[in-house]
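What TrEMBL says about this one:
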type	residues	note
TRANSMEM	A:6-26	transmembrane segment
TRANSMEM	A:31-50	transmembrane segment
TRANSMEM	A:56-79	transmembrane segment
TRANSMEM	A:91-111	transmembrane segment
TRANSMEM	A:131-156	transmembrane segment
TRANSMEM	A:188-208	transmembrane segment
TRANSMEM	A:263-282	transmembrane segment
TRANSMEM	A:412-433	transmembrane segment
TRANSMEM	A:453-475	transmembrane segment
TRANSMEM	A:509-531	transmembrane segment
TRANSMEM	A:537-570	transmembrane segment
TRANSMEM	A:582-600	transmembrane segment
Amino acid sequence: MLDTALAGLVNGSSYALLALGLSLIFGVANVINFAHASVFAVGAMSGWWFSVDLDWPLWAVLLGVTAVTGLLGLVINVIAVTPLAKAPPIAALLSTFAVSVVVDNGAQLVFGPETRRFPALLATDNLGLGGLRFGTLDVTILVVAIGLMLVLGWFLRASRYGRAIRAVAQDRDAAAQMGIPLARVQNLAFVIASVLGGVAGVLGGMYLNNISPTVGSTVGMSAFAAATLGGLGSLPGAVAGGLLLGVVEAFGVSWWGGNARTLITFAVLLIVLWVRPSGLFGKRAPLAAEPMTGTFFGAARTVRLRPWQVAVAAVAAYVVPAVALDDYTVQIGVQVVVYAILALSLTLVSGQAGQISLGQAAPLAIGAYTSALLTTATGLDFWLSLPISGVVAAVLSVVLVSPSWRLRGHYVSIATLATGLLVAAAAVNFDWLTNGPSGVSAIPPPTLFGASVSAPLAVYFLDLTILLVVLLLVVRLRRSTLGRIWSAVREDEVAARSSGIAVADYKSLAFGIGGFVAGIGGALFAQQYGYIDPSVFGISVSLLALTIVVLGGLNSPLGAVVGAIVLVGLPEALRMLQETRMLTYGLLLLAVVLFRPQGLMGKVAR
Amino acid sequence: MTVLEVTGLRRSFAGLRAVDGVSFTVEPGEVVSIIGPNGSGKTTALNLVSGVLRPDSGQVTFQGRDVTGWRPERLAAAGLSRTFQNGRVFGNLTVAENVLIGLTPTLQAARPFSRWRNVPVLRWASLLAETAVALVDPPAVRRELADRQAKVATQLDRFGDRLTPRADLAAHTLSYANRRRTEIARALASGPALLVLDEPTAGMNPAETGEVLEQLLELKAAGQTILLVEHKIDLVMRLSDRVLVLDAGSVIAAGPPEQVRSDPRVIEAYLGKRRPAVRP
Amino acid sequence: MSLLELDSVSVFYGQTQALHEISLVVEPGEIVCLLGGNASGKSTTMKTILGLITPRSGEIRLAGERVTRSAPAARIRRGLASVPEARRVFPEMSVEDNLLTGAFTRRTGIRAELASVYESFPRLAERRRQPAGTLSGGEQQMLAFGRALMSAPTLICMDEPTMGLAPIFVDRVLDLIAALNRDRGLAVLMVEQNAELALSIAHRGYVLNTGHLVLDGPAPSLIDNPAIRTAYFGA
């Protein structure tokens, strides 16, 4: 009992340090810094490098990490946050998300993807107190973490710039009238937050005993949950939320095993968002009046193709692979098509209805699992499983995300992110249903007129046909009254409601139809590989889908297809490495957000 | 029947009473204006009436029905439309589409079973039917759309050559004044029983203000009931049948424009009470 | 030399012109009020003087020095301080931290200034540890004054200092402004909707209407001028 609680506190102190930074940045810059998790990873890895490769003592390691992560924080603010201060909030959300991908995968290129042993540097089991065993390491982590919190508290309370940070967080305009330089204060807040995150990385690395470049996203997501649990913007809340989550996770893990950790984290996060979105300590209800997208692609009009151009492209899509391409290239084509279907689901949800989803892998996974389990376990025909997969994915999408309709802006995106991760965690944990981490194999290929659809070209034709149907569906919906109503919801919720539109219903409907389309995509995905497991539906899939639509043009169905060709087809054809590929996605996403928010297939209206 | 009856409306923010026991009525065909110094609670009062905010206490009756605490979409569907202080249009929709959105509550063929929208679970039948209709696009829906588009054209014509030539331009490309006109056209499209306008001429120059005044006078002549918050006293005096003066969240005077204008309490609210000079 | 000079300053919000070639001066030791109805451009004028908005044309000088494009901090160092509209104290910071924030641009003499503010406003000294958000409206207004004094200004700009205050506090705040002017020799530029009140303590006044300066002169000459009523209520 007690040692579990202690372990939870020690681990939770890492969350608390990270959550403090998230809340500090949220207070000063009004931005949820999705790149903050990467700072943790950079802290852990540079700490590993300083201590193992360079053999520095602990104090020097901490100093070095402070310098590295402090600089990283400054760069994040200058590149991804400050330039977008006047853009709609969605822009900073996407740009910090992109930076996190760039940093994580850049680090992976530098350090290599493998997990490394992080030397504890300190003893882990040399002390005892009334039957409770612990080590110098535990004590050091707690002391350093609490010490940093106290120093931060003192700094904010008693120093000139500390007061300035608080003043800016409470009233930006009034602070400016006192002569406080807002830009400098914001830089400072990012540096402080990132140093805390970096130190948390070193401490967390030592505690976890081993690190990898992806350690940031796991711990970072927990910190995210902790900050939301405590109440975004509240510093005492961040500390309480971090420690509480650490303890809850520790008990959960001791009862249900290590895999339960993510499930607990995201279940906690979603429940907080549903029940008490302002968190334990947050005071203000997090209701922003501005729509999340709206003028993001403000000046954009969708590029429209003439009917004959569409017809030629469709015919070419059937004919060219059949006559001119080898099996390998056709297989790439199959992937492009499946991702285009997934991306089209986002065109509806994020482009048409304006709800940015960071977890579209969730309905994809639900569809894939539904189809895979129905066809293997019950022997149901693929063709029957296809619509069922879509419906199940639609219903679950709506059920999981719709409680957050009371929230706006960033919180909806956090809810979708949590949903995506929760579904992946559920696939790992509910092994009575999903067969756990080992996944579902031997999924039979579909049959058509008695023939098995398993040759690459046959699969390609099947998927392409479904893509064209989905494309037609999306285009028709966009041009209908319903599409216009969704646009109104996207552009301005307040005005839409005052025009008699029940916005919550229409958001749910968008998620439902988007979930249906993604679920169909998931079923195709499962049949095409014959094998699925939870790791296939990680956050990188959600990211890729979002990057595809942002690159192609959030508001352009054709853009989703073009984006899929560029982001899925090209890297595959060029045989790019996985981490180079992710790095490229991140850089592209960042560049599009900064320089061409209307996307490739949007053009600037005059 | 009285169009709007407000009794004892109260709403506080963080201990400050923004609206403190406001009561008034709006009769059919009347133009009632709310004026008052900055921070007197005018916009809060409008937000309470139109469902954007919920009152702490008090009652709002609209066309004989108690609508206190109704959500804005339900009020809009029941015939209470409004515009916003700084103008809210759907920037990426065309002018015509903006006005078409204002007609959403009047759609029947495109939104089947819309009576079920306020029923849990069952409302999904209506939403899915709307989706199906959107995909199939049957003739009834097309006829309805053509009819509504004709109505949109009529609305746009109301503003002379300001909006009609720009009907197919995205709203964000319009001038500020034209965006405000688009918003008014959208609010009027469904033929509301009560039109609520929050500073319709804010940020407009005198010529534009004069033009909006003419259009509002035409609306009034056509019998439209209007509740107006406006700073420009000239416009209020020319347009209103009755004026309500708010100060510190309470009604300090109400009556015909001329009477209110010469009411010493009103002058004091704006100009302050005369006090002996303490000039050093 | 004038403390503050505006020389045909024009300000635009996008396409809309908010201020039309405004020229005004404030001399040392003067109380000057800027009058006008809602949306007349008073607050825009104030924000332009403080450096929160940059004019499209015209010039602003503080004590003879051009500051048209300077940051707020540079203007504060030249003797300007602000009491913002609706007070805008930092609600979750203590009274003392609010005051110290007002001294952000200075490095020395802060403690002495704090003591002097507490001497002028004993009420604030009593509540120095209390969060500013828990003060009454009148006390918050005192805090906003004290916070402005912390930068040792020669000119304080006040945006509607009596707005939203209970009538009993309105008189007290005006007396306070007159006292600050008398005892500390501070010049005050005060935006007010409450014309009669403002003119009762001011030396001179300017009247704005829809972004234009329509009238100016010594306070006594303005009090009974019918043009003021016109600016508020129309002809």
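Residue numbering: from 1, along the chain as shown.
Every residue gets a Cβ built from N, Cα and C, even glycine.
Because TrEMBL annotations are produced automatically, they should be read as predictions rather than curated entries.
Cβ atoms under 8 Å from those of the transmembrane segment (A:6-26) belong to residues 32-33, 36-37, 39-40, 132, 134, 138, 141-142, 145-146, 148-149, 152, 165, 189-190, 192-194, 196-197, 199-200, 203-204, 207, 219-220, 222-224, 226-227, 230-235, 237-239, 241-251 of the same chain, restricted to positions at least 6 beyond its ends. Within its own chain, the transmembrane segment (A:91-111) is flanked in space by residues 31-39, 41-42, 45, 48-49, 72, 76, 79-81, 84, 213-214, 216-217, 220, 296, 356, 358, 410, 413, 543, 546, 550, 579-580, 582-583, 585-587, 589-590, 593-594, 597, which lie at least six positions past its ends and keep a Cβ under 8 Å from the stretch. Proximity of the transmembrane segment (A:31-50) to the transmembrane segment (A:263-282) is not established, fewer than 3 Cβ-Cβ distances being under 8 Å for residue pairs spaced 6 or more apart. Note on the transmembrane segment (A:412-433): residues 32, 93, 221, 224-225, 228, 256, 259-260, 262-263, 265-267, 269-270, 273, 292, 355-362, 365-366, 369, 373, 396-397, 400-401, 403-405, 533-534, 537-539, 542 of its chain, located 6 or more positions outside it, place their CB under 8 angstroms from a CB of the stretch. Under 8 Å from some Cβ of the transmembrane segment (A:131-156) lie the Cβ atoms of residues 2-3, 6, 9-10, 13-14, 16-17, 20, 62, 120-125, 162-163, 165-166, 192, 196, 199-200, 203, 206-207, 235, 239, all in the same chain and six or more residues away from its ends.
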